Structures are given as C-alpha cells and as structure tokens.
C-alpha cells in the first residue's frame with residue numbers, strides 16, 4: 001500500500017509539473033511540484049522499505065494500522081495538493097497587482113548596499129555570540145540552541161546576509177568581475193557557516209535554493225541540460241552529506257565529541273527523512289482528528305492576544321500550536337487550544353498548513369486553506385515578476401513558497417521577517433535601480 005501511495009504522489013507531482021506547460025522553472029506550479037516531490041516522496045519511500053521506523057505512537061494514539069494510515073493521508077493530501085494548484089492556477093488569470101518595471105541598475109550602489117547588508121547581518125551574529133559567551137559556547141551547547149536563541153531579536157537581521165549575496169549576483173551580471181565572484185563566494189561560505197552554527201539545516205538549504213532562484217532571474221534562466229544536471233548532481237551530493245553531518249552536531253553536547261565518536265551512529269537515513277519532512281505530522285493529523293475531537297478554531301486567535309496579556313506565562317496558551325500536537329503524541333491523550341502551557345510538553349510538532357486546516361475544519365479546512373495558500377503563492381510570484389532582479393523580492397518569493405502557511409508559528413515568523421524584506425526592497429528600489437513603469 002505504501003508503495004502505491006508513493007507512485008500515486010509521483011504521478012500527481014509529475015502531472016502538476018507538466019500542467020505548468022512552458023512556464024519557467026520557478027513558476028509557482030512547477031516550483032511547488034518540485035518542493036513537494038523533494039519533501040514528501042523520500043519520506044514515503046523510506047517508510048515503504050523500513051516500515052518499523054514509523055513513529056509507533058502515531059499509530060497507537062490514532063488506533064490505526066500503518067497501511068490504513070497512509071491510505072487516508074494519501075486521499076486527504078491529494079485533495080490538499082489539488083486545492084493548492086487550483087488556487088495558483090485560478091488566481092493567475094487575474095490582472096497583475098503591480099505594473100512591470102524595466103530600467104538600469106547602478107553597479108556601485110548595488111555593491112555598497114551588498115557590503116552594508118552583509119555587515120548588518122554579520123554584526124547581528126557577533127552581538128548574539130557576545131551575549132551568550134562566544135562561538136565555543138554555542139557549539140558546545142548545540143542541543144540547547146532554542147533556549148540560546150530565545151529573546152535574541154537581533155537575529156532577525158540575519159536574512160540581510162542572504163540578500164547581500166543576491167545583490168552581488170546583480171553586480172556580477174552588470175560587470176562580470178572576478179573580484180565580485182570571489183567576494184560572493186566568501187560571503188556565501190560565511191553565510192552558510194553562520195546558519196549552520198545554530199545546528200539546523202533548513203536555513204542553509206533555503207539559502208542555496210534562494211541563490212539558485214536569484215541565479216535564474218538575475219543571470220539567466222536555468223534550463224535542463226547536461227551541464228545543469230551535472231551541477232545539480234554535485235549540489236545534491238553536497239546537500240546529502242551536509243544533512244548527515246549537521247544532525248550529529250545538533251544532538252551532541254560537544255562538537256568534537258560528536259564528530260569523532262557519534263558520526264556513524266547518528267548519520268542514518270531515518271534522521272534525515274524525519275528532519276527534512278513533516279509528512280509524518282500530516283499523517284498523524286489526517287488519522288487523529290475527526291468530527292468529535294476537531295478543534296473548530298478554539299484558541300485560534302490566542303497567539304495574537306498572548307503577547308499583550310499580563311499573566312503568569314505558564315497559565316497562557318502556547319503561541320506555537322504544534323505543541324498541542326506534540327503533547328498528544330507524548331502523553332497519548334487529547335489536547336487542544338487554549339489549554340495552558342503548564343499542561344503541555346515543550347516539544348513542538350509544527351502543524352503547518354495541513355495540520356492547521358484538518359485539525360480545525362477537517363476536509364473543508366483542507367480545501368479552503370490550501371486554496372488560499374495557492375492564491376498567496378501566485379500573488380507573490382507576480383509581484384516579484386514586476387521587478388525580478390530585486391534581491392528582496394527574490395528572497396520573499398522563496399520564503400513564501402517554502403515557509404508561508406496559515407499556522408500561528410509561520411505567521412509569527414513572517415511578521416518578524418517582513419520589516420527586513422521591506423527595508424531591503426525600498427533601499428534596492430530607490431538606491432540601486434532606476435525604473436520606468438511598463439504598460440500591462
């Protein structure tokens with residue numbers, strides 16, 4: 001049954017990709033098909049070959065067999081994906097929100113801004129290290145990374161480093177100087193090292209994806225040929241190695257000890273597929289919730305109210321509603337918003353769009369929330385195409401495709417991210433570019 005689910009999704013994503021026709025590689029429909037294939041298919045295939053590696057508590061709390069759990073998930077996820085595609089396709093037919101712009105770019109200003117943005121991001125990281133006791137302390141307390149980052153709002157400025165690298169790509173497009181390529185390489189390496197120092201993989205992987213998107217729109221459209229396939233193979237191999245190494249650092253109390261003594265034990269495929277996919281959480285949501293225990297938006301707006309509530313934090317509901325999912329799995333009983341933090345585990349199973357939609361409105365929620373998400377994807381894509389070489393818009397587009405959904409956790413993350421993107425966009429638009437508006 002699980003193999004059938006795998007081949008069904010493979011055909012579904014392939015059909016969505018072909019449905020996009022001759023649209024460019026990173027158009028929403030193609031981009032989303034690629035994203036789902038990369039995040040969903042490896043997990044399903046791994047479980048098909050390693051049935052015993054699936055989280056047993058999910059099957060126990062849902063009182064379901066593994067094959068039946070995957071079958072129900074496949075049916076609901078199919079509806080979700082079709083709804084997502086429908087939102088992207090139907091909204092695409094509307095008129096552009098912003099008129100396309102064309103013009104020239106100032107090389108010197110782009111380079112100055114690139115250095116300024118990198119300095120801001122690197123300075124924010126230096127301030128963070130100074131506050132916690134240095135880089136050595138961070139690396140030797142990697143397992144406590146969440147506590148170390150708590151309240152460190154200066155880290156909000158780190159995305160400026162990514163935008164800096166994208167601006168340097170624009171400089172290379174304008175002048176094609178070797179010096180700029182060397183600077184870009186150094187900036188990119190430092191950025192990946194800094195993101196990796198937190199013990200996570202997602203930020204660094206998203207940086208690579210954002211870089212590819214920027215390469216596509218700034219330098220020239222990427223196409224499938226022998227050269228790009230070879231480069232993609234090298235990149236994929238590098239990412240796989242990276243994904244095996246970082247989980248070891250993340251779970252150890254000391255980096256040297258983890259690399260030398262625990263690499264063989266921890267660098268396993270199970271850790272990779274579970275750390276790069278939320279499919280198992282979606283399977284839980286699809287099989288656990290029904291008309292009797294659905295949340296029906298209980299405590300849905302609590303994350304908005306909590307920051308302004310003066311009370312004992314332990315008695316307030318969690319902003320991240322994924323903690324309720326984590327509590328259900330850990331304690332094997334029902335939890336729902338707005339139950340207080342004191343009754344919950346500290347482990348979060350991010351609800352994402354699937355979990356949020358199904359936990360609150362079941363199948364109607366899946367259709368509504370995924371359709372709306374597809375509309376947002378299409379809207380941001382068309383907004384980016386109005387100025388496709390603007391690094392801030394390139395960054396925004398990738399973040400929306402990979403990180404935006406209607407869960408409280410992702411909404412909160414985007415609220416923190418929007419000011420950085422807005423500042424970068426305004427500075428690039430007025431300091432680097434000289435535009436004239438084209439008629440639609």
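From the backbone N, Cα and C atoms, a Cβ is placed for every residue, glycine too.
Predicted automatically and left uncurated, TrEMBL annotations should be read as such.
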Checklist entry - Which one of 337-354, 391-408 shows up in TrEMBL as transmembrane segment? => result 391-408
Checklist outcome for this item: Which range of 112-132, 259-279, 280-300 is transmembrane segment in TrEMBL? It is 112-132
Checklist entry - transmembrane segment per TrEMBL sits at which of 152-170, 304-322? => result 152-170
Next on the checklist: Quick check: do the transmembrane segment (152-170) and the transmembrane segment (356-379) share at least 3 Cβ pairs under 8 Å, counting only pairs 6+ apart in sequence?
Outcome noted: no
Next on the checklist: I'm a bit unsure how to read this: which one of 70-91, 112-132, 204-222, 391-408, 414-432 has the highest number of Cβ pairs shorter than 8 Å with the transmembrane segment (356-379)?
Outcome noted: 70-91
Checklist entry - Near the transmembrane segment (182-198), which same-chain residues lie under 8 Å Cβ to Cβ, leaving out any that are not at least 6 residues past its ends? => result 114, 118, 121-122, 125, 135, 138-139, 145, 149, 158, 161-162, 164-165, 168-169, 172, 204, 207-208, 211, 242, 246
Item to check | Winner by Cβ pairs under 8 Å against the transmembrane segment (204-222), considering only 70-91, 112-132, 391-408 | outcome: 391-408
